[in-house]
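Input: a single structure, listed below in structure tokens.
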Amino acid sequence: MEHPPGSDAETAEASPTRLELIDRAARRLGAADRSAPRRTAEWLLAELLDCDRAHLYAHPDRTVAAAAAEQFHRMVGRRVQGEPLQHILGYASFYGLRLRVSPDVMVPRPETETVVDRALTCIEEVSRPRVLDAGTGSGCIALALKHERPDAEVHACDVSTDALAVARANAQDLGLDVRFFEGDLCAEVPAATPRDVDLLVSNPPYIPDAEAESLPPVVREYDPDRSLFAGRDPLRFYRALVRWVSACCVPGGSFVLEVHAEHAAEVERLFRGEEGVGAVHTEEDLSGRPRIVWGRTERATAS
């Protein structure tokens, strides 16, 4: 007799095979309208069994102990309820790095890798660059830059001590030396902030409060509000970042900022109108949406 997906009778069955678990979980996730249900089931089971997805299908008839199967059903249940896969796994992949995530930080997005790409281009000719990641969250951008440029001196700040704890744990896990400190983008630039950076990079909160209800529940309910929302003024943090760029970047230094697609032109105009800022550009992500505003400060002129 076929039991309803997720029923007590199903979860109580002893020693199911790997393939049976995947099939049942995929049906359960599909019924809940979760994206990529089969792939999600594979990821969860592979994580639980500490193997890769290919290994699951190399031994599809291998049985799974009842206790492990029950744990798997609980993991699937969390995803059915809408919890992000990365929270269930406890980590996210970003720029080839495995990073811890928790409800204290925003899950790193694949599109933010475009920010890292542009940032690396901006400092490719700079020997031993000094970098500042303002609003680091999980540390994903700072750590990716340090991983790709071991010679860089990377500093990173966040207003949240809980987020900084996650970022520091990620740095320790990866063996990467990034200097973290507490700092509020909208307050005075902290004394601990380096004032001679070759690159300032930031992915600040940029979603207007009015758009909150239009966000997918997996974002609205699980990412911290402070990482998402800019309040009534979607340019609030970019106005602050103008001050940070002015205070922290060396002449000829670069800044790379992730932006809301609908406000990219406004952010570009904001920086174009700032004294001491040179060329400013908007760059699209792989989906063709404006994703980055970047530019350079003016080089010092010989007197």
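Numbers run from 1 along the shown chain.
Heads up, the Cβ atoms here are built off N, Cα and C, so glycines get one too.
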Of D158, D184, D223, residue recorded by Swiss-Prot at the S-adenosyl-L-methionine site of G135, T136, G137, S138, G139, N203: D158
Cβ contacts of N203 (S-adenosyl-L-methionine binding site) (under 8 Å, same chain, 6 or more positions away): T112, V115, G135, G137, I141, L257, E258
Neighbour-count leader, CB within 10 A, binding-site residues: G135, G139, P204, P205: G139
Set of same-chain residues at least 6 away whose C-beta sits under 8 angstroms from D158 (S-adenosyl-L-methionine binding site): G135, T136, G137, L164, A167, F180, E182, G183
Sparsest-packed among the binding-site residues, when each Cβ's other Cβ atoms within 10 Å are tallied, from G137, S138, Y206: Y206
Integer Å distance between the CA atoms belonging to P205 (substrate binding site) and S138 (S-adenosyl-L-methionine binding site): 14
Rounded inter-Cα distance in Å - G139 (S-adenosyl-L-methionine binding site), P205 (substrate binding site): 15
